[in-house]
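Below: one structure, written as structure tokens.
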Amino acid sequence: MWIILALLTLAGSRVAHGAGKNVNGVEFNLFCHIANMLNAEKIEDDKTDGLDRQAAEAWTAIDSIFTVTANESYYSEGPASAANTTDENQDAKPERVAKWVQKRNQIDKIAAPGNEKNGKYARRPRDRMSAATGAKLDTVFTLASEARVRLMQIDTEIATNKQEIRQQLGLHCSEGQGKGQSRNQHPDNAAFASDYSTACKGSTGPGKSLANDLVCICSTDTSQAQSTLQMCTSIDDANSLFSTLHKRSQCQGDFPCPHRVCAKTAETSELTETNINNCVTAFTATLGRHTKSSATNEGAYVFGSGQNSGDECNGGAATGQSCVSYHDLITAKSGTTLSGAITRLKQLQIAKAKLKARRLLLQNRERQQTRLMALADKMQELYQEALHDEVQLRKEAQNKPQETPDSDKQKACEKYHNKSKECKENGCQWSGTEETIGKCEAKPKAGTEAATTGPGERDAGATANTTGSSNSFVIKTSPLLFAFLLF
């Protein structure tokens with residue numbers, strides 16, 4: 001749409017026009033497209049396809065696994081309150097713990113895939129897994145908690161950003177509007193308080209809002225003729241007529257007229273950075289397209305068809321002098337850009353910057369959601385590892401070789417029964433109630449395999465299986481970096 005409009009605008013730019021029907025048609029169509037786009041507020045959707053649900057499910061899985069694999073204190077009473085638990089009000093603690101138990105009980109109701117009768121997660125306390133596995137569970141849960149907090153912050157920032165965008169759109173459309181509420185746009189009372197010229201030329205009225213400028217190109221100071229609106233559109237509709245703009249009430253009553261026409265004739269585009277750029281480009285190309293030999297700067301800073309004089313936008317005739325002049329705004333200071341001089345364009349640029357910020361927020365939101373899902377996969381692996389730890393530790397304990405004494409040494413030591421001193425001096429093991437009453441035996445001979453550490457004592461640098469099968473991929477547990485998750 002914008003490309004076609006720009007081509008039509010460029011094709012008709014810098015040509016001499018006389019008064020007549022639709023003489024401001026290009027300008028009107030451009031304003032209609034802008035007005036429709038801003039009024040519709042078709043801002044990019046906050047939600048991304050399926051990611052919200054998947055991220056929420058990922059957090060539920062992470063939180064559930066961490067709970068059933070936590071130490072007894074966390075499992076029984078939940079995480080510490082915001083305040084230091086040592087200073088926690090003892091009257092408040094029972095209520096907090098009760099809520100935690102209620103929440104924890106929901107985990108038991110999560111059914112195993114394909115078997116609704118069995119719970120998905122079983123309790124696996126820390127003393128039944130290796131210390132390395134417990135440390136990895138802690139790390140993943142910390143990373144996931146940080147991602148979840150950042151997601152909540154981003155959601156708040158996105159909501160605030162949307163209100164700020166709506167505010168700028170409202171200010172562009174109508175002076176004094178733009179608080180994020182549904183807008184009833186009207187031209188500016190102050191600009192039209194005296195007469196047409198105060199709003200449509202000079203340095204105070206032009207460019208304050210789209211409503212002001214739209215009235216300027218489609219109405220006159222004195223005429224009530226149907227041809228007044230026909231300067232902008234060929235639609236003949238008694239409800240679309242303008243009356244004289246001497247009075248504020250008439251000015252405000254007239255403004256909805258072109259909006260009804262815009263709704264019939266112009267498309268409604270999505271509000272994007274690209275479309276804002278396109279509408280500014282189209283406006284720049286359209287500015288000054290009606291050349292007038294006697295007009296100020298030959299009408300270079302006039303929007304619409306004005307009179308061929310130095311007072312081109314006086315609105316004094318039904319079909320000849322309806323335009324808005326930005327001359328005083330643009331030339332007031334050397335080097336002033338259009339966006340710097342024309343207030344409504346400045347507001348569009350602010351809205352565009354906020355749309356860019358919104359796009360970056362949405363991208364960050366998607367990254368955090370993807371991160372949560374990756375962490376959920378890792379947490380599931382660690383849950384399987386915790387189950388494997390218990391089986392492996394039990395198996396190692398069962399297979400540990402029994403220590404047996406050397407038979408020759410045993411015979412030699414038996415000579416020192418009831419002789420504590422001699423027993424010890426000959427490297428034997430004494431067990432007795434008195435120095436002269438007791439047994440002397442050979443010390444046990446250790447097995448050929450190294451002793452196995454107990455639960456929670458495994459070397460933090462050992463290799464841990466992540467899935468519980470003998471041929472599965474293994475990772476080093478110390479140091480635990482998870483570098484691929486720290487983005």
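Cβ coordinates come from backbone N, Cα and C, glycine included.
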When you get a sec, could you say which of 157-182, 287-312, 443-468 is annotated region 'Disordered' by Swiss-Prot?
443-468
Cα-Cα, whole number of Å: ASN71 (N-linked glycosylation site) versus ASN418 (N-linked glycosylation site)?
50
Since the record lists ASN71, ASN418 as glycosylation sites, which of them has the fewest other Cβ atoms within 10 Å of its Cβ?
ASN71
